[in-house]
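Here is the structure we will look at.
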């Protein structure tokens, strides 16, 4: 009888049929005229975007800090600065930043007219000029290759707005775009100008090092920059993966320095005390900022296909020695002098006694400051994270500042917007298991929220409350620990 294909809508305004079957946006102050005669409206085009479409050159890659080592007046954080050359604000939502072959979607961020936005790794410290936009990206490279990589910026349609291949970086100095699209090393005494007009800079060649170096390899670290014992530690080990899964070892930089993996190696210690084959990390050409993680595995897909992780960019393909399912001694060492940086003699017995099926469950270090060789400082990864946390904070990690006397669990808190219940908890030590259920007023169990679930030291559990009629119930929790301690919690619960 009738058909109509409506065009792209505009928020808060309906599309109405007018004279001669011509359509227009509603001009009614309410935004529409449901159930009554349509407004007269102006026959504009509702599918015409409100904001002008960007053209190549409207936004420029304007500055690159690829090697922040040695910075003191700015945070030692890699960043890429964008510059809006137009006289209007540009919404970066739907845009894509491309690093080498990795496409990184940009969030909803406003790039001011004539202003700047600074892209950087989420979780890192950044300092930008007033008025500039800070754009934290989870997938921003944790370690930009110092030897140079191609960069590009694409609008939502996939059109390349600007591209630039930065040359070999110099430690502590950014590369800035100057007049006529000529690039120079920053002459600003801070080492860079994130979020503000670039320095004048000397038009030297930032890709020519002071001394010849091998291409596509980081500069040799100075002797004063060598990794000292326990600055980088073995932090998580998956030695018995699921079928089609892959073993992995996670490293963590617990120091306050940015450190290179150049000159480091992984080896297994034999029963006679000697080291087996040394697997060099130098080829990874990676630096770790304070608090950074690096995951080594022979098959990254064998990790990411079975364990969800937000840190895909720090999972690197690397030939690991085969890890014994019962136990072995892993050594991280300096190749130049065989100094041991960290060493762990892990055992399958270090898993939580509550974990009955250990295949596919990683061992996590509880405290980065605790002993590497102490079994009490290691335990099984939580089921809440998929039994592993490759590339990000361990599920069972905890510090003395987080620990309170006794375990606490809140009563389920109803969230009207999501129509579910949030239960927050904090444990006084790792390895707790939990039974969590709901009972009716006559003592009948009517819902199970958690069944023998391994808890992290602090976290939350969501429950949908499905199947229960509104009313008052009893929320009951039983906590038990491998050391024999237990705790019972009973609270009233109002189901909406």
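In case you wondered, yes, glycine gets a Cβ from its N, Cα and C as well.
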Range annotated as region 'Disordered' - as stated in TrEMBL, picked from 368-410, 411-453, 454-496: 368-410
TrEMBL annotation (region 'Disordered') - matching range among 172-230, 231-289: 172-230
Cβ contacts under 8 Å made by the compositional bias 'Polar residues' (369-403) with residues that lie 6+ beyond its boundaries: 230, 233-236, 238, 248, 250, 254, 293, 295, 297, 303, 306-312, 314-315, 342-347, 349-352, 355, 358, 360-363, 426, 428-431, 453-459
